[in-house]
Amino acid sequence: MTEYLDQQVKPSRYAIIRWFGFDQFEPERAFTSYWVSSKTFFIIRFIIALYSTIVFWAHFGIAASASAANIFFSYFTTLTFVGLHSYLVTACVYHFRYLRNKNVDFMLNQPSVLNYLFVYLYATVITNNVVTPVVYWSLLNQGTNGVPAISVWTNVSVHGVSFFLMLIDVTFNRMKISIRMVLFAILTVVLYMFLAFIIFANTGRWVYPFLRWSQGPITALWYFVVAIIVVLSFFIMILVHRVRDMVARKTGRAEVSAMSEKVPDEETHQDHSKLEANQSNITTTSQA
């Protein structure tokens, strides 16, 4: 039975990093699963990463053929899928190195900022891939009449299947995420809003109709609704993580990692006991 060490990355000297929990990241949790072996998990992850690669290039190719490549990256939904694709590819590369090295030393020894970026990417991916299907299918979808089959496929993949790709990864990994990371999820959307404003200032075109200021007060309401959806999406995914862990504990699948978490404490306790015994012997000898 495999025991996981779940080593944390190096503690940060910056209070803000510690407050958000970036340095509480345990890399091994990203490459191991309660349900399958790490090798099986890698195969699953590789398949969905390959699918996301095919979808991305097909989607970009369709945009380029329609002379829309210049606005391809202006859409939040596209950027969300790019984020998911980037996460899956990065996770696959790290996962391969984990299987080859049989440890996470390569992550523990790399610049801390790379680990923090991985955590940030994960937090935004799990949030925005809930936001995108909700917003797209409720506000933006215009139907598929007269749309080529390949465009329908890429459209559904980017705005719907992406949710399931993310959910598959979340289900099989053992990642934990700090609740305070919700602020970064909100910040990401706010930064996109600024990007949309810049695009409008330069081109006179709103990326999404509901962002138009000319609508009056209703626009502010839409912005507020989007913010609420982002927050709810984040906490829904926090709940998904906790339900996954709870089911693992209830079914005994989490016992291995629980055992490994106790080992350091037991060893530390034994070391303290030995130290106290040695100190007592020294004191007795000196008194004699």
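Here the Cβ of each residue, glycine as well, is placed from N, Cα and C on the backbone.
As given in TrEMBL:
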COMPBIAS  262-275  compositional bias 'Basic and acidic residues'
COMPBIAS  276-288  compositional bias 'Polar residues'
REGION    258-288  region 'Disordered'
TRANSMEM  42-60  transmembrane segment
TRANSMEM  72-96  transmembrane segment
TRANSMEM  117-138  transmembrane segment
TRANSMEM  150-170  transmembrane segment
TRANSMEM  182-201  transmembrane segment
TRANSMEM  221-240  transmembrane segment
Requested in this report: Could you check if the transmembrane segment (42-60) is in contact with the transmembrane segment (182-201), meaning 3+ Cβ pairs under 8 Å among residue pairs at least 6 apart in sequence?
Outcome: no
Report task. Report, as numbers and ranges, which residues of the same chain sit near the transmembrane segment (221-240): CB under 8 Å and 6 or more residues beyond its ends. Result -> 123, 126-128, 130-131, 134-135, 167, 170, 177, 179, 181-182, 185-186, 189, 193, 210-211, 215
Requested in this report: Give me the stretch from 72-96, 150-170, 182-201 with the greatest number of Cβ pairs under 8 Å to the transmembrane segment (117-138).
Outcome: 72-96
Query raised in the report: Which residues, given as numbers and ranges, are at least 6 beyond the ends of the transmembrane segment (72-96) yet have a Cβ under 8 Å from it?
Result: 27, 30-31, 38, 41-42, 45-46, 48-49, 52-53, 55-56, 59-60, 63-64, 106-107, 118, 121-122, 124-125, 128-129, 131-132, 135-136, 140, 158-159, 162, 165-166, 169, 189, 192, 195-196, 199, 207-208
